[in-house]
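The block underneath contains the structure these notes are about, expressed in structure tokens.
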Amino acid sequence: MVAKRSKRLPDARGPLAAALLALILLLPGTFSFPLIDRDEPRFAHATQEMLQRGTLTVPYFNGEYRFDKPPLAYWAMMPLYRAFGMHEGTARLPTVLAAAATAAAIFAFGRRLFSVKAGVWAALGWMTCLQTQIHGRICTADMGVILTVVLAHRAFYELMFGERQRRWGFWFWTLYLSVAAGILAKWVVTPAVLAGTILLFCAFTRRIRYPWHRLQPFSGAAVVLAPVAAWAVPALIATDGLFWSQGFGTHVIDRAAEPFNNRNGSPLFYLGTAFLSLFPWITWAGDGASALRRNWDAKRAFLAAWLAGPYVMFTFASTQLPHYVMPAFPAFFLILFQSPPTGRRSWWFRGTFVLYATLLAGAAWVLLSVRYAPAFAPLRAIAVTVLVTLASWLLLASAAREKKIPSLTLAALIPALAFGMLGREMRTVAHPLTMKRLFELAPATARYTAWSYTEPSLVFYADHRWDWSKNAEALERQLNRSGSLVAVFPVREYDFDDTLRAIATGQSIEPSRDREAQAMEWMTAPSLQWYRVSGVNMGRSSWMEFAVGVRVDPRGDRSMFVHSAPAMPHGPR
């Protein structure tokens, strides 16, 4: 007896294929990269501390409340931590899965609005743009939020413009559970983006009479509030309301009203960063704009409203970061690929392609013409790998116009392989990983202290609470106290921008900050073994040298734990 094929099966195969391709492109490097973003160790170790405390409601980091985000991202990591332990890869895997699910959702929406080919290309554009390749691999809440934004917009579209749905049907639950999940992931981003889309859609179509009753807003509000309240009420009680005043008040309202960490806003910030965030597909933006203008209708107005909403909303916020507008990216790719690619090369494509090619060629010339000191040798390999990756993406955007499958496949797979290599190369210059080997010398009862260096990665790799010494006197008191101790402080720091400026002008490279004399004085503290560790600090965009003191006798061969200070870099010869 031959089983009948379900009519729904072909509908499921496309999204599953898109998700699988996204996993193939995003998984390389996920488990090998050290933690590179400052938020990564905060998310990753907050999950560990919640498990250690046995709480599901209140996140902690370094023994203190962490109110930055609600707990959905931590909940997603917990099962992986329980099964496989705390690791960079287990912390990032929920992000990768969310990025893959977003690719599947974009494919399905593109197929629904335009065609299967439109869905394929939109999903491919999403998973291969620069910002997705970065944020699709790091441990933050952003990718989960983008998934909820896509699902909420699809559900809203189906409820308002699709066939009449039965009450409390599939799209009703998809809409409001997506909004609830978005709130539990990153406060009000998902409902705010959806509200912005609705307002701009009404403005673009010059119409407000729509079948709003199909949304069942009162029932939907109850669906949203139920899971949010199930978490929020216990969290507010446990923190005496601090989760609201500091979490939502400080990290949402204050960031919107005042610059955060001196990140002053600019009206043109997001338009400028689009040339990086949407690389290489920004080269197609002219084609997308022409197709949008030529075929303008209600569904394209909906996509245009979705695209414009996050840009408008975050342009007026005082704190601006390039990835804030990523909820608009799915709409960008749906607009961009509403029609299959053609071989015609527009003036916009030619101009931006030449611009990028010139910049990449110039960067390659600088890399190959400058002689590197031994200390910076690993950075050269990393920079070359990055340039090869960017060049492959540029080739991808060009090959897509000709629909050359071999070139497309090669251009898509080279960056995936390069990310795997890049992760391994980054581990060789990640100073927290070298420090971790020294941390393992200390007993569990040791105190951990650091001065003039409060990078969250120390907490993750030590898996221990740190005391951040506020000044030099506080560090001296810690060094002179008895008991097991791990102490870290920076000795020299080379800012990348100062280094590049020195290379460009032919000057010798000097440290931006040098505490060698003070370090030599502190390294006389009694009974501490001192080590020099150096490497890249991605959070501060610099190369740093540290002194690490451990007040215990090393177990076994001390030499295996020593990462001797490399020769300091000199100018090009």
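Here, residue 1 is simply the first one shown, and the rest follow in order.
Cβ atoms here come from the backbone N, Cα and C positions, even for glycine.
According to TrEMBL, the domain 'Glycosyltransferase RgtA/B/C/D-like' annotation covers 68-231.
Look at TrEMBL and you will find 96-114 (among others) tagged as transmembrane segment.
Same-chain neighbours of the transmembrane segment (134-156): 22, 26, 29-30, 33, 35-37, 39-40, 43-44, 69, 72-73, 76-77, 88, 91-92, 94-96, 98-99, 101-102, 105-106, 108-109, 112, 127, 171-172, 174-175, 178-179, 181-182, 185-186, 189-190, 193-194, 197-198, 215, 306, 323, 326-327, 329-331, 419, counting only residues six or more beyond its ends whose CB sits under 8 Å from a CB of the stretch. Marked as transmembrane segment by TrEMBL: 134-156 (among others).
Sequence annotations record features per position, and here TrEMBL assigns transmembrane segment to 176-203 (among others). Only residues 6 or more beyond the boundaries of the transmembrane segment (176-203), in the same chain, are considered here, and those with a CB under 8 A from a CB of the stretch are 69-73, 141-142, 144-145, 148-149, 151-153, 155-156, 210, 220-221, 223-228, 231, 247-248, 251-252, 301-302, 304-306, 308-310, 312-313, 327-328.
Look at TrEMBL and you will find 215-237 (among others) tagged as transmembrane segment.
For 268-289 (among others), the entry in TrEMBL reads transmembrane segment.
The transmembrane segment annotation in TrEMBL covers 301-318 (among others).
Among the features that TrEMBL reports, transmembrane segment is placed at 353-373 (among others).
Under the heading transmembrane segment, TrEMBL lists 379-398 (among others). Panel annotation: around the transmembrane segment (379-398), residues 128, 130, 279-281, 283-284, 353, 356-357, 360, 363-364, 367, 372, 407-408, 410-412, 414-415, 418-419, 421-422, 425-426, 429, 536, 543 of the same chain, lying at least six beyond its termini, place a Cβ under 8 Å from a Cβ of the stretch.
Annotation source TrEMBL lists transmembrane segment at 405-423 (among others).
For the transmembrane segment (268-289), same-chain residues at least 6 beyond its ends with a Cβ under 8 Å from one of its own Cβ atoms are 125, 128-131, 311, 314-315, 320, 322-326, 329, 332-333, 335-338, 346-349, 352-353, 356, 390, 393-394, 396-397. If you look at the transmembrane segment (405-423), the same-chain residues 6 or more away from its ends with a CB under 8 A from one of its CBs are 24-26, 28-34, 124, 128, 133, 137, 382, 385-386, 388-389, 392-393, 395-396, 399. Sequence-remote contacts of a segment are chain residues at least 6 beyond its ends whose Cβ falls under 8 Å from one of its Cβ atoms, and for the transmembrane segment (215-237) they are 56-58, 70-71, 156, 159-160, 167-168, 172-173, 175-177, 179-181, 183-184, 243-244.
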